[in-house]
Amino acid sequence: MRELLIRGARLYGEGDPVDVLVADGVIVEVGAPGENAAPESTEVLDAAGQVLLPGFVDLHTHLREPGREDTETIESGSAAAALGGYTAVLAMANTDPVADNAVVVEHVWRRGREVGLVDVHPVGAVTVGLAGERLAELGTMAASAAGVRVFSDDGHCVADPLVMRRALEYSTALDAVIAQHAEEPRLTVGAQAHEGERAARLGYAGWPASAEESIVARDCLLARHAGARLHVCHVSTAGTVDVLRWAKERGVRVSAEVTPHHLLLTDERLATYDPVNKVNPPLRTEADAETLRAALAGGVLDCVATDHAPHADQDKDCEWAAARPGMLGLQTALSVVVETMVRPGLLDWRGVARVMSERPAEIAGLADQGRPLVPGEPANLVLVDPDAEWTVRGAELASIADNTPYEGMRLPGVVAATVLRGRVTAREGKIR
Ligand SMILES: NC(=O)N[C@@H](CC(=O)O)C(=O)O
Ligand SMILES: [Zn+2]
Ligand SMILES: [Zn+2]
C-alpha cells in the first residue's frame with residue numbers, strides 16, 4: 001500500500017490545518033494534525049502554511065505532439081502541467097497529423113499515460129483536417145480508448161453554421177461538448193491585433209470584438225435549438241460576456257473559459273512590438289479585462305483555461321505580422337489568477353478550486369478530477385504556497401519553447417507540490 005501524508009495543510013485555505021492521509025491513490029483520512037501517524041514507508045509532505053486544493057484541470061492545452069516536437073512534446077508539456085499544479089489537461093487537436101481520428105487520439109492518450117505526470121485527454125477535431133467542411137468521426141473517437149468527450153477545431157472557427165449545427169446535434173448523442181474558437185473569419189482577414197486605437201496607431205490590421213461576439217451569439221442559438229452543449233474557448237471581450245449572460249439566463253447549455261493572459265494583459269503591450277504578445281484572440285482593452293475578471297468571479301465565465309501555445313523562436317522572434325499567435329501558460333496560470341483574482345479579493349481559494357479544477361472537470365466530463373477533499377475521493381491534489389512569490393524566466397520553464405509573456409515578472413502563488421492519484425508528480429519546482 002503506497003501511502004502519502006500531507007501534514008498541516010489548510011483545505012481551500014479555510015479553517016485549521018489538517019493532516020491528509022492518502023493510500024492507493026485515494027484520500028483515506030482527513031483529521032487533526034497528529035505527530036506520530038506516519039509509518040516509515042510513508043512519504044510526508046510538510047504543508048505548514050500551504051493551501052490544499054483539488055488538482056487543476058486545463059481545458060485548453062496545445063502539446064504539439066505529433067508534428068512540432070521541436071516546440072513541445074507530450075512529455076515536456078506534461079512536466080509543465082505538473083509543475084503548474086495540473087493533474088489533467090485537454091490536449092487540443094491542431095497537431096500534425098490532426099487529431100481527427102481514433103488512431104491519433106489513442107496515440108496521444110497512451111503517450112500521456114506512459115509519461116504519467118498528468119492525465120492527458122485528447123480533444124478530437126470537429127471537422128476533418130480542421131478544414132471546417134466535413135464532420136470528423138466523432139463517434140469513433142468517443143468510442144476509442146481515449147474516450148473523447150470534448151471536440152474542437154481550435155485554432156480555426158467552425159464557421160459554417162450548417163457544419164456547426166450538425167456537430168452540436170451529433171454531440172448530444174455522445175454526451176460530448178463542442179468547444180468553439182469563436183472567430184468569424186470574414187471579419188478577421190489579415191487581422192493582427194485588437195481593432196482599436198492602439199492597433200490603428202501602430203498600423204496593425206484590426207481583429208474586431210464583433211468577430212468573436214457574433215459567433216458566440218450564433219452558436220448559443222444553435223446550441224439552444226439543438227439542446228446541445230457548447231463551450232466557448234478563450235473569451236476575450238466584454239460583449240461576449242453580455243451574450244453569455246443572456247444565454248445562461250435562458251437555460252442555454254453553454255460554458256466558457258477565460259485565459260490568464262486575457263485577465264492580466266491588454267493591448268497596451270502592442271507598443272513593445274514584441275510578438276511574444278501576439279495571441280489569438282488578441283489582447284483586448286483594460287475595460288475588457290476588467291469585465292472578464294468580474295465575470296469569472298460572478299460565474300458567467302466558468303473557468304480559467306491556459307491556451308498554452310508553445311512556439312519556436314523562429315516563429316516568434318520575427319516581425320509581428322509573420323509571427324505565430326500563442327503564449328505559454330501552464331506554469332504561470334495559477335500565479336496570474338492569484339495576481340488578478342485572489343489578491344484583489346475577487347476570488348477566495350474555494351473560488352480558485354472552482355474555476356481551475358471543479359468546473360473544468362465537469363465540463364470535460366472527468367469523473368475523477370475536481371473532486372471534494374474528503375475520504376474516498378481520488379488523491380488528485382495541488383498544494384499551494386499562497387504567500388511565496390517567484391520571478392518568471394522562460395528559459396527555466398519545462399516547456400521546450402520559451403514564449404512566455406511574463407518574462408521577468410514577479411508573481412505571487414507558488415505550486416509546492418502536485419499529486420496525481422496519490423503519487424507526487426512535482427515538488428518544489430522539480431519533477432518527480
Ligand atoms: N491561441 C493562439 O494564439 N494560438 C493557438 C491556437 C488557438 O488557440 O486559437 C495555437 O495553436 O498556437
Ligand atoms: Zn483558439
Ligand atoms: Zn488554443
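Keep in mind that glycine also has a Cβ here, set from the backbone N, Cα and C atoms.
ASP307 (active site) falls within neither a helix nor a strand when secondary structure is assigned with DSSP, and so counts as coil. Summarising the annotation, TrEMBL assigns active site to ASP307.
In the three-state DSSP scheme, ASN280 (substrate binding site) is classed as coil. Listed in sequence order, GLY155, HIS181, GLU183, TRP207, HIS234, PRO325, GLY326 are the same-chain residues at least 6 apart in sequence whose CB falls under 8 Å from the CB of ASN280 (substrate binding site). Per TrEMBL, the feature substrate binding site maps to HIS62, LEU63, ARG64, ASN94, ASN280, HIS311, PRO325, GLY326.
Residues or ranges marked as Zn(2+) 2 binding site by TrEMBL: ASP154, HIS181, HIS234.
As annotated by TrEMBL, domain 'Dihydroorotase catalytic' applies to 49-237.
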Cα-Cα separation of ASP154 (Zn(2+) 2 binding site) and ASN94 (substrate binding site), in Å?
7
Measuring Cα to Cα, how far is ASP307 (active site) from HIS62 (substrate binding site) in Å?
7
Across all chains shown, how many C-beta atoms besides its own are within 10 angstroms of the C-beta of ARG64 (substrate binding site)?
28
Can you name every residue in this chain, apart from ASP154, HIS181, HIS234, with its Cβ inside 8 Å of the center of the Cβ atoms of the recorded Zn(2+) 2 site?
HIS60, MET92, SER152, GLY155, ALA179, GLN180, ALA182, GLU183, CYS233, ASN280, ASP307
May I ask which of the binding-site residues LEU63, ASN94, ASP154, ASN280, PRO325, GLY326 have a CB within less than 6 Å of any atom of ligand 3, listed in sequence order?
ASP154
